[in-house]
Amino acid sequence: MKSAKLGFLLRFFIFCSLNTLLLGGVNKIAEKICGDLKDPCKLDMNFGSCYEVHFRYFYNRTSKRCETFVFSGCNGNLNNFKLKIEREVACVAKYKPPR
């Protein structure tokens, strides 16, 4: 994923995550805009659309496990982790903040 696009997605993810804490009453609007971006682990794995080869981790909702896949280098989504520990911090319940 190109750094500018990844930066935008990360900022959007942070906005969606913090919106609940900061704006309280606007939760319904944020939910419509952000949807599952609050939790990258709810997103399906996406290979991307380029032709590079990057081995990455993603959370498989069906098997409830961390699995590897080959990322193409651009596009894709936030369910795409370079390190297994990054995926665990994002997707394992004991590391997630309480809701």
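Quick reminder: no glycine exception, Cβ is built from N, Cα and C everywhere.
Here is what Swiss-Prot records for this protein:
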DISULFID  Cys41-Cys91  disulfide bond
DISULFID  Cys50-Cys74  disulfide bond
DOMAIN    41-91  domain 'BPTI/Kunitz inhibitor'
SIGNAL    1-24  signal peptide
Discussion item. Using a 10 Å cut-off on Cβ-Cβ distances across all protein chains shown, tell me which of the disulfide-bonded residues (Cys41, Cys50, Cys74, Cys91) has the largest neighbour count.
Written reply: Cys91
Discussion item. I'm trying to understand the geometry here, so how far is the Cα atom of Cys74 (disulfide bond) from the Cα atom of Cys41 (disulfide bond), in Å to the nearest whole number?
Written reply: 19
Discussion item. Whole-number answer please: how many Å between the C-alpha atoms of Cys41 (disulfide bond) and Cys50 (disulfide bond)?
Written reply: 22
Worksheet, complete the sentence: Spacing of the two Cα atoms, Cys50 (disulfide bond) and Cys91 (disulfide bond), in whole angstrom, works out to 26
Fill in: Number of helical, extended and coil residues in the domain 'BPTI/Kunitz inhibitor' (41-91), per DSSP
10 helix, 15 strand, 26 coil
Fill in: Mean predicted confidence [pLDDT] for the domain 'BPTI/Kunitz inhibitor' (41-91)
92
